[in-house]
Amino acid sequence: MVSGAVRRALLPSSGANFGFFFKQAPAPGHLGQPGANVSHALGQRAFGTTPNRFVQQHDGRLTIRSLSRQTTTSASHWQPRAHLAQWDSPVAILRQFSAGRTLREQQNTSVGKSNDILPAKQPSTVSEVAAINDAQPPSTGFEKSERARQAAQVNYSARLSKDKDKNKKNLSGSRSEVVRLLKLARPELKFLGLALLLLLMSSAITMSIPKVVGSVMDAASKKSLDDAKVFGLSLYQFFGVFACVLTMGACANFGRIITLRLIGERVVARLRSSLYKRTYLQDAEFFDANRTGDLISRLSADSIIVGKSITQNLSDGLRSLISGVAGITAMAFISPGLTSVMFVALPFIGTLSFGYARFIRRISRDIQKNVGTLTKIAEERLSNVKTSQAFNGERQELHRYNGQIRRIFNLGMKDALYTASFFGATGWMGNMTILAMLWFGGGYVASGALSLGDLTSFMMYAAFAGSSMSGLSGFFTELMKGVGAATRLFELQDRDPGIPPTKGIRVKSAQGPVTFDKVSFAYPTRPAVPIFNELNFTIPSGSNVCIVGPSGGGKSTVASLLLRFYNPTSGVIYINGIDITTMNVKSLRRRIGVVSQEPVLFSGSIRDNIAYGRPEAPESEIFKAAQEANCQFIKDFPDGMDTQVGPRGAQLSGGQKQRIAIARALLLNPDILILDEATSALDAESETLVNSALVKLLRSHSTTISIAHRLSTIKRSDQIIVLSNQGTVAEMGSYSALSANPNSAFSKLMEWQMSGGEVPQVETPRHIPIDEVQALDEEMEGEQHEEQHDEDEAEANQEEKEKPRN
C-alpha cells in the first residue's frame with residue numbers, strides 16, 4: 001500500500017481534484033517484447049500552478065519526483081529536478097502503426113530501440129525550456145497531414161453540371177439542344193399531328209372574327225338591319241351560322257388541349273423512366289461525385305419543365321405563330337401603308353427578345369440547380385432528423401435551408417426584374433405602335449381610303465398580331481427554360497457508366513479461389529490517396545477468411561472491388577482464375593451475398609426485404625432464411641411477414657434490421673458471402689444465435705469473407721488477413737499462429753483495440769502497478785471526504801460560536 005506521504009505528494013497544494021488515468025504496467029522489459037511497460041500520463045493538469053510531483057516505477061519501487069517552477073519563467077514552464085529516461089511504450093508503437101507506417105517497420109524499429117535505451121538529456125536552463133516550448137507551439141486543432149493534402153486533390157469528372165463547363169456552350173450548342181429537346185416528342189408524332197390539325201381549325205376560326213366584325217359594321221352602317229347582307233346572308237342567318245362555327249372552334253380547342261396534355265404526360269413518364277434507368281446503370285464513382293437530392297430534382301422538377309416545354313408550350317408557340325402570320329397577312333391585304341407602321345417596332349422587339357431569351361436560359365439553369373441543392377438538403381437532413389433533434393440542430397438546419405431558399409429567392413427576383421422590364425418595354429412599344437396606326441388610320445378613314453369597318457378589322461388584326469408577338473416571346477422564354485432543364489437531363493442521359501453492367505462473360509458460378517494479384521487502388525474522387533499498393537493474397541475456395549486492420553486500411557474496399565463497384569487502378573482480381581473485369585457485373589453480383597455494417601432496408605414489408613435479391617423465391621425458403629438468421633421477433637408482430645418496416649427500416653431496431661439483412665443474404669445461397677461487420681448491431685444473445693446460424697452456413701460450399709473486429713468472429717475464421725495502412729498485407733495466418741506471437745501485427749492490433757484505441761500523451765515515464773494505483777485512488781478519495789467532513793464541522797462550530805453574538 002502506498003504511504004500517506006506519497007498520497008499527499010500527488011495532490012496539488014490547493015486541494016484540487018483531478019483524474020488519474022493509468023494502464024496496466026507489467027514487469028519492465030525492452031520495447032516490442034513481452035512484459036514491456038505500458039505508460040500513461042497522469043493528466044494534463046500535472047503541470048499546474050503549484051509545485052507538483054509525479055510517480056515513477058523502477059525495479060518495482062515507487063519514486064516521487066518533483067517539478068519546481070522557475071521564478072523567471074511563465075507558469076506553464078517547469079524544470080525537472082532529475083534527469084529521467086525517456087522510455088517509449090508499445091502504446092506509442094500502436095500510435096505509429098495507426099498513423100500509417102508498415103508493421104514490419106514498426107517491429108524492426110521497436111526491437112532496435114530496445115537494445116540500447118539511453119537517458120535523454122533534459123533541459124537544464126530556463127532558456128532551453130523556453131526554446132523547447134517555442135519550437136512546439138500549442139496546437140489549435142488538427143493539423144493537416146500529408147494524407148490530407150493528397151486528399152485535397154479531388155477528381156469530380158463524374159459530377160454533373162460542373163461550373164467550369166457552365167459557359168462553354170455557344171449559340172449553336174443551344175440550337176442543337178433545342179432540336180434534341182423537340183426530338184423527345186418524336187414517338188408522339190401522330191398525336192402531335194392531330195393536335196396541329198385541331199390547332200389550325202381553332203386558329204382559323206379565331207382569325208376570322210376581325211373580318212366578320214368589320215363586315216357587319218360596314219353592312220349595318222350602309223343599310224337597315226333588315227336589308228343588310230353579310231357574305232350573302234342576312235344578319236340573322238349569318239349570326240346563326242357563325243355561332244355554329246364558333247362552337248366548332250371551341251370543340252377543336254378542347255381537343256387540342258386534351259391531346260397535348262396526353263402527349264405531355266406520356267413524354268414526362270417516358271423521360272422519367274429512361275432517366276431513372278440510366279441513373280441506376282451508373283457506377284459507384286458517379287454516386288460518389290453527385291448528391292442524391294440533385295438527382296431527385298432532375299428526375300422530378302426538371303422532367304416536368306421539359307415535358308411542358310415540348311407539349312403545351314410548343315402548342316402555344318405554334319398558335320402564336322399561326323395567328324401572327326395570319327394577322328399580318330390580313331393587315332397587309334387591308335392596308336399595306338398602315339402595316340408598314342407596325343414593322344418599325346419589330347427590330348427593337350426582336351433584339352430585346354433575343355437578349356432576354358439568352359438571359360432566361362441561364363437564370364433558369366441556375367434556379368433549377370439551386371432547387372436541386374435545396375432538395376438535397378431536405379432529403380439528407382430529414383432522413384436523419386432524429387440525430388439532428390438529438391443534438392438540438394433544428395436552428396442550424398433551418399438556417400441552412402432558409403439560406404438556400406434565399407439564394408433561390410434572389411434568383412427569382414432577378415428573373416422577375418428582367419421579365420418585367422422585357423414585357424414592360426415590349427408592351428409599351430406595342431401600344432405606341434397601335435397609337436400610331438390609329439393616328440394614320442383615322443386619316444385614311446377621313447380621306448375615304450379606308451372604311452370604318454376595314455379600320456376596325458385592321459386594328460383587331462393588329463391586336464392579334466401584337467398578342468401573337470407577345471406569345472412568341474413567351475414561347476421562346478419557356479423554351480429556353482426547357483432547354484436549361486433539358487441540359488441537366490441530357491448530362492445524366494449522356495453519361496456512360498465506367499463499368500458497364502451488362503457486358504462481359506455471364507457468371508454461372510463464383511466458386512473457386514479468390515486472388516488479389518498486385519492490386520493497387522485509389523478511389524476515383526481521391527486519386528492522390530492510395531488505398532492499396534500492390535495488394536497480394538489468395539482466399540481458398542470454401543474457406544472462411546477474416547480481414548482485419550486499422551480504421552481506413554481498406555477492409556471494406558476489398559468487398560467493393562469484389563462486387564466491381566470499382567475497378568482496380570492496376571493489378572488483377574481473379575475468381576477461379578478468371579479476371580473479374582471480363583465478367584458480366586449483374587451475373588457476378590447474383591453469386592455474391594453481402595451483409596453490410598449498416599443494414600439497409602427499403603420501404604415495404606419484411607417479406608419484400610428478405611426476398612429483395614430473389615423476388616421469385618417460394619414462401620418456404622423465405623421463412624427458412626428468416627429462421628436461420630434468428631428473426632424470431634417477427635412472431636411478435638401482428639402482421640408477421642407483412643409488417644411494414646417503414647422508410648429505411650425506421651420501424652425496426654438496429655439488431656432487427658441486421659438480422660433481416662442477414663436473412664436476405666442467406667436466401668441468395670451465394671457462392672461468396674461477404675460479412676462486413678455483420679454482427680456489429682446485435683446484442684450478445686442475438687449475436688450468439690446468429691453466429692450459430694452463420695456456422696451452419698459456413699459448413700456449406702460458400703466462401704466467406706468476414707470484415708470484423710469482434711474476437712468471436714475472428715476466432716471462427718480459418719485464416720486471418722491483416723492489412724496495414726500502407727495498402728499491403730502485413731501478415732496472414734490462423735488465429736492461433738498470429739496470436740501466439742506477441743510481436744505480430746495482429747497481436748498489436750488486438751492490444752490496440754482492447755485498450756479502446758486510446759493513445760496517452762506520454763511526457764515522462766510514470767509507471768505504477770495497477771493494484772497500487774487503485775488503492776492510491778481509493779485512499780485519496782477517502783482523505784478528500786475526511787477533509788470535507790472536517791471543514792463542514794469547523795464551519796458548523798464557527799456558526800454556533802457566532803450565534804450568541806448576533
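The backbone N, Cα and C atoms fix where each Cβ goes, glycine too.
As given in TrEMBL:
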DOMAIN    194-481  domain 'ABC transmembrane type-1'
DOMAIN    514-751  domain 'ABC transporter'
REGION    757-806  region 'Disordered'
TRANSMEM  191-210  transmembrane segment
TRANSMEM  230-252  transmembrane segment
TRANSMEM  318-335  transmembrane segment
TRANSMEM  341-360  transmembrane segment
TRANSMEM  416-440  transmembrane segment
TRANSMEM  460-480  transmembrane segment
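Contact count against the transmembrane segment (416-440) (Cβ pairs under 8 Å) is highest for 460-480, out of 191-210, 230-252, 318-335, 460-480. Taken as a whole, the domain 'ABC transporter' (514-751) shows an average pLDDT of 85 in this prediction. Counting only same-chain residues 6+ beyond the ends of the transmembrane segment (460-480), those with a CB under 8 A from a CB of the stretch are 178, 181, 206-207, 209-210, 213-214, 308-309, 313-314, 316-317, 319-321, 323-324, 326-328, 330-331, 334, 342, 349, 353, 356-358, 360-361, 364, 419, 422-423, 426-427, 430, 433-434, 437. Under 8 Å from some Cβ of the transmembrane segment (341-360) lie the Cβ atoms of residues 328, 331, 415, 418-419, 422, 425-426, 429-430, 432-433, 436-437, 440, 462, 465, 469, 472-473, 476-477, 479-481, all in the same chain and six or more residues away from its ends.
Outside the transmembrane segment (230-252), and at least 6 residues removed from its termini, the chain residues within Cβ reach (under 8 Å) are 198-199, 201-202, 205-206, 208, 212, 215-216, 219-220.
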